[in-house]
Each structure stands twice: as structure tokens, then as C-alpha cells.
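**Student:** Here TrEMBL flags 1-21 as compositional bias 'Low complexity'. Feature annotation from TrEMBL assigns domain 'Acyltransferase 3' to 35-348. What TrEMBL records for 1-25 is region 'Disordered'. The transmembrane segment feature in TrEMBL is assigned to 36-56, 68-90, 102-126, 174-193, 200-219, 231-249, 256-273, 279-297, 309-327, 333-352.
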């Protein structure tokens with residue numbers, strides 16, 4: 001999840017896409033869009049579904065697909081669309097990577113420390129497991145996980161519900177997001193985003209085929225170092241679809257009938273073919289793009305709490321489960337779990353994430369990337 005302030009490209013595109021509908025490029029307004037609300041809403045969906053999982057052992061599903069998983073996929077679509085604009089606007093691979101690192105790592109590091117030093121001991125004390133904690137697992141948890149991926153899932157046996165020894169079950173997706181950032185940087189260095197942008201949707205097509213092959217069991221014996229095959233294929237696919245939407249914004253039509261069709265395709269795929277739902281990823285990506293420019297939720301808060309909510313909600317729920325609060329019932333526990341998570345997200349933004357972004361202009365190694373081609377949607381990504 002990234003904080004962005006998108007901007008229009010220097011070269012204006014046509015007001016209409018092929019077929020007469022308004023194009024994404026012309027429909028997108030950098031000062032009037034639903035990005036901030038969408039990011040926060042998606043983070044809240046993930047937090048709420050995890051509250052049900054941690055407190056009661058189940059998650060809401062659309063057919064055979066967890067609703068939280070669809071929300072995470074949508075995050076990756078928006079991320080791909082926006083950070084592609086960041087890379088092309090900055091014109092520097094080094095500075096782009098520096099910005100990405102500042103957006104993810106400081107908040108992530110502090111989350112690890114707060115979890116190990118405060119939340120895990122508190123959960124252990126409330127759950128009568130304090131004897132299972134000592135100083136060793138705590139600092140190892142921070143150091144082992146500090147630079148991604150997540151190699152140590154927990155500290156002692158502190159966890160929530162039936163989640164095993166996982167202390168923060170949200171962090172594992174960050175390594176895939178970071179890998180997508182690096183992939184985009186490599187594509188930029190190879191001038192793919194500028195001169196051979198057709199390569200991006202072609203790669204997405206290859207990944208879609210790969211998800212089908214994986215669902216058929218063809219990759220069961222494939223072992224990727226530090227990554228699992230299924231999420232690597234799925235997250236990279238939806239991320240590249242977001243990049244494609246940015247690069248081809250001049251030709252992407254924005255129309256409610258296409259969005260309705262996209263939602264129907266996602267729903268049908270989730271119900272009838274959940275294992276092959278990545279084939280509906282283009283439909284999900286279109287729904288996300290449409291929501292950005294058409295939802296009447298045009299509010300840009302000074303504080304971006306989406307990332308903080310995403311990384312803190314799970315360990316907060318571990319504490320609340322240890323305190324026995326699921327006994328209140330789902331209608332009380334699930335929304336109640338959002339309150340301390342949002343409070344920590346606010347502290348994270350004010351004390352860590354916001355100040356870290358103040359270093360965007362310092363300490364980066366320059367690596368130039370050519371300017372965006374006509375027809376792409378510009379952006380100012382954090």
C-alpha cells in the first residue's frame with residue numbers, strides 16, 4: 001500500500017477512448033479521485049475479515065474466495081497503477097526505489113519492534129502464556145524479519161485462534177509487494193515502460209497462464225526461494241494489470257456497463273471456478289480503475305492510515321483475543337477491533353511514516369528512466 005498524489009501526464013490524450021467512452025486518462029483527476037478512501041476501505045475490509053478469522057475461526061467468502069483475498073488483490077492493482085506513474089515521473093530508478101523503501105520499511109520496522117516489545121508480551125500476559133516468552137525470541141523476531149521476507153512468524157506460542165504461531169498474519173504480503181517494485185524498476189531500466197510497453201500486458205498474460213497451470217498442479221514440485229508459487233503468480237499478475245492500466249490509460253474506456261460486467265465476472269469466477277479466479281483478474285483490475293475515477297468518495301485526508309491499519313490490525317487482534325473479547329460476539333468484537341488498530345495506525349503515520357517520507361529527496365542513487373510515453377496516466381507516488 002502506498003501513499004500517492006497522482007498527476008496528469010505532460011502530453012494530453014483524447015477525451016474519448018475507442019468506442020466513444022471517456023478514457024481513463026481524461027477521467028482521472030489528480031485532485032478529485034477516490035484513491036485515499038479506497039485504500040483505507042480495502043485495509044478495513046482486510047482487518048474486519050481477519051477479526052472474524054482470529055476471533056471465530058472463519059472468514060466471509062464470495063463463493064470459494066475469501067473476501068479479504070480479493071481486497072488484497074485490489075491493493076496490488078492500485079499499487080501497480082500508481083507506482084508506475086511514480087517511476088516514470090521521477091525518471092530515476094534509484095530515487096523510485098528509495099521512495100518505495102521509505103514508504104514501506106520504516107513503518108514496518110517500528111511495527112516489528114512494537115509487536116515484539118509491547119503487543120506480544122501483553123497478549124502473553126493476558127492469555128496466561130507469559131512463561132513462553134523470553135528476550136531471545138523477541139529480538140530475533142525483529143532482526144530475522146527486518147528486511148523481508150517474514151522468516152519467523154511468531155514469538156513463543158503467542159497467536160490468535162487457530163492461526164498457529166503466527167503473530168502478524170498480514171506482513172507476509174509485503175515481500176511480494178517489494179518484489180513487484182523491484183520488477184517494475186527492472187522493466188524501467190530496460191525501457192519496457194517507455195518503448196516496449198506491450199511487454200507488460202504480455203507478461204501479465206503469461207502469468208495468467210501460469211496461475212492456471214499452478215491450479216492444475218503443474219508447479220507442485222516447484223520450490224521458489226523465499227516465495228510461494230501461487231501468491232507470487234497472483235500478486236505479480238494483478239500488479240502488472242495495474243501497470244498496464246497506467247500505460248494504456250488513453251485507450252482504457254471508463255463506463256459503468258463495463259464495471260458492472262467486471263463485477264459479474266469476478267463474482268461468477270469466484271463461485272464457479274475459485275481455483276482459476278486469476279483468469280478474472282483483468283475484470284477485477286477494471287473494477288478498481290473504474291472505482292478510482294467514478295466513486296463519489298473524493299476525500300484526501302492529511303494522514304494516510306491505510307498502511308498502518310494493514311500492518312497493525314492483526315497483532316492488535318491477537319491481544320484482544322487473548323483478553324477474551326470475542327466473547328462479546330462478532331457484532332461487537334469485529335468493529336471494536338478496528339479502534340486500537342486505527343489508533344496505532346495514526347501514531348505510525350504521525351511519528352514514523354510521515355516523517356520518513358520527508359527524506360524522499362535525500363540519499364538516493366540516481367538511475368535515469370525515460371519520460372512516460374503519450375497515452376499513459378501520470379502519477380506522483382510517494
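Glycine is treated like the rest: Cβ placed from N, Cα and C.
Could you place these features in context, so I can see how deep they sit and what lies close by?
**Tutor:** This prediction places the mean pLDDT of the domain 'Acyltransferase 3' (35-348) at 91.
Long-range neighbours of the transmembrane segment (309-327) within the same chain, counting only residues 6 or more positions beyond its ends whose Cβ lies under 8 Å from a Cβ of the stretch, are 1, 40, 43-44, 46-47, 50-51, 54-56, 107-108, 111, 114-115, 119-120, 122-124, 126-127, 129, 158-161, 167-171, 174, 333, 336-338, 340-342, 344-345, 348.
Beyond its flanks by at least six residues, the transmembrane segment (333-352) meets 44, 47-48, 51-52, 55, 106-107, 110-111, 114, 303-309, 311-313, 316-317, 319-320, 325-326 of its own chain at Cβ-Cβ distances under 8 Å.
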**Student:** Same chain, outside the transmembrane segment (36-56) by at least 6, Cβ under 8 Å from its Cβ: which residues?
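**Tutor:** Beyond its ends, the transmembrane segment (36-56) has Cβ neighbours at 1, 66-68, 71-72, 74-75, 78, 160-161, 163, 169-170, 288, 291-292, 295, 297-301, 304-307, 309-310, 313-314, 317-318, 320-321, 325-326, 330, 333-335, 337-338, 341.
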**Student:** So which residues does the transmembrane segment (231-249) touch in its own chain, when a touch means Cβ under 8 Å and the partner is 6 or more beyond its ends?
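**Tutor:** Same-chain contacts beyond the flanks: 13, 23-25, 28, 72-74, 76-82, 84-85, 173, 176-177, 179-180, 183-184, 193, 197, 200-201, 203-204, 207-208, 210-211, 214, 224, 278, 281-282, 284-286, 288-289, 373, 375-377, 379.
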